[in-house]
Amino acid sequence: MEKILIFGHQNPDTDTICSAIAYADLKNKLGFNAEPVRLGQVNGETQYALDYFKQESPRLVETAANEVNGVILVDHNERQQSIKDIEDVQVLEVIDHHRIANFETAEPLYYRAEPVGCTATILNKMYKENNVKIEKEIAGLMLSAIISDSLLFKSPTCTEQDIAAAKELAEIAGVDAEEYGLNMLKAGADLSKKTVEELISLDAKEFTLGSKKVEIAQVNTVDIEDVKKRQPELEAALSKVIAEKNLDLFLLVITDILENDSLALAIGDQASKVEKAFNVTLENNTALLKGVVSRKKQVVPVLTDAIAE
């Protein structure tokens, strides 16, 4: 049987890695030949989950067409967030929980997008729908994905479905979701050894908002000041990326996972749109965003509206 590659977005987060592994597991149990792969380096939070549940990180790839004809996308659909040669392969399926944008195919496909907080929540349903048992280790990874995307159930993206799925998966994995989750998030929030280049690319996504090219990166921390004191270096790194990619705006969202607030650092010609979107005033290119923790639900929609006006 012809092999299929399953992967999430560039600059992978925990949901992207763990959902690729989980969906490949499900597809293989259903008789397919699927391999999970990744499009970037594994972050500290994800590595904690992989180590805890004794799972290998997926293989790193830059292109797919040299290996396979068909691919499955998880946790994304926008082409600029996907593999470099996405135009040269057939997208067979998409399992996602984000907006649909900049996406079209020449052939029909299976597309499943649900307004939940995490791709793994959808996959939990799909295991049940196919009467396939979720193994302990896979359940642990799926739980990790939900905890990550929902910031331990505190994010406004988190739904009752996510909470219910996490409860089921924690039971299968044999862990206390709150205790394990806090340890995992803290592992991801240790930024002390990261270079500024790593910080701004750990969880960065490029968007086309109206006619503007915007990159939004998010980092989690337990102390915003630890990141803010590196602001001169960060601004230089952001400006470099803006020049290289011809961006109109680079927005770095520094999220305090304990206080559930974020600091915005905005660089670029469209930085004033951040002020408009959040009704704040940028001082030295930064502004506190009270209660903002979700890029998907609290940043992208309002920034899209501000840029469109």
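Each Cβ is built from the backbone N, Cα and C atoms, and glycine gets one as well.
Bear in mind that the values here come from a model prediction, so they are computed numbers and not experimental data.
Listed in Swiss-Prot:
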- His9, Asp13, Asp75: Mn(2+) 1 binding site (BINDING)
- Asp15, Asp75, His97, Asp149: Mn(2+) 2 binding site (BINDING)
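Checking the binding-site residues (His9, Asp13, Asp75) against Asp149 (Mn(2+) 2 binding site) with a 10 Å Cα-Cα cut-off leaves Asp13.
If you draw a 10 Å sphere around the CB of Asp15 (Mn(2+) 2 binding site), it holds 31 other CB atoms from the protein chains shown. The Cβ neighbour count for Asp75 (Mn(2+) 1 binding site), using a 10 Å radius over every protein chain in view, is 29. Within its own chain, Asp13 (Mn(2+) 1 binding site) has Asn43, Glu45, Thr46, Asp75, Ser148, Asp149, Asp203 as residues 6 or more apart in sequence whose C-beta sits under 8 angstroms from its own. In sequence order, Gly8, Asn11, Pro12, Asp15, Thr16, Ile17, Ser19, Val74, His76, Gln81, Thr119 are the same-chain residues whose CB sits within 8 A of the CB centroid of His9, Asp13, Asp75, the residues recorded for Mn(2+) 1 being left out.
When the Cα atoms are compared, His9 (Mn(2+) 1 binding site) and His97 (Mn(2+) 2 binding site) turn out to be 13 Å apart. Within the same chain, residues at least 6 positions away in sequence whose Cβ sits under 8 Å from that of His97 (Mn(2+) 2 binding site) are Asp75, Ala113, Glu114, Pro115, Val116, Gly117, Cys118, Thr119, Thr121, Ile122. Summarising the environment of Asp149 (Mn(2+) 2 binding site), the number of other Cβ atoms within 10 Å of its Cβ, over all protein chains shown, is 27.
Counting every protein chain shown, the number of other Cβ atoms lying within 10 Å of the Cβ of His9 (Mn(2+) 1 binding site) is 27. Neighbours of the Mn(2+) 2 site: apart from Asp15, Asp75, His97, Asp149, residues of the same chain with C-beta atoms within 8 angstroms of the site's C-beta centroid are Gly8, Asp13, Thr16, Ser19, Val74, Asp96, His98, Gly117, Cys118, Thr119, Ala120, Ala145. In the three-state DSSP assignment, the secondary structure recorded for Asp75 (Mn(2+) 1 binding site) is coil.
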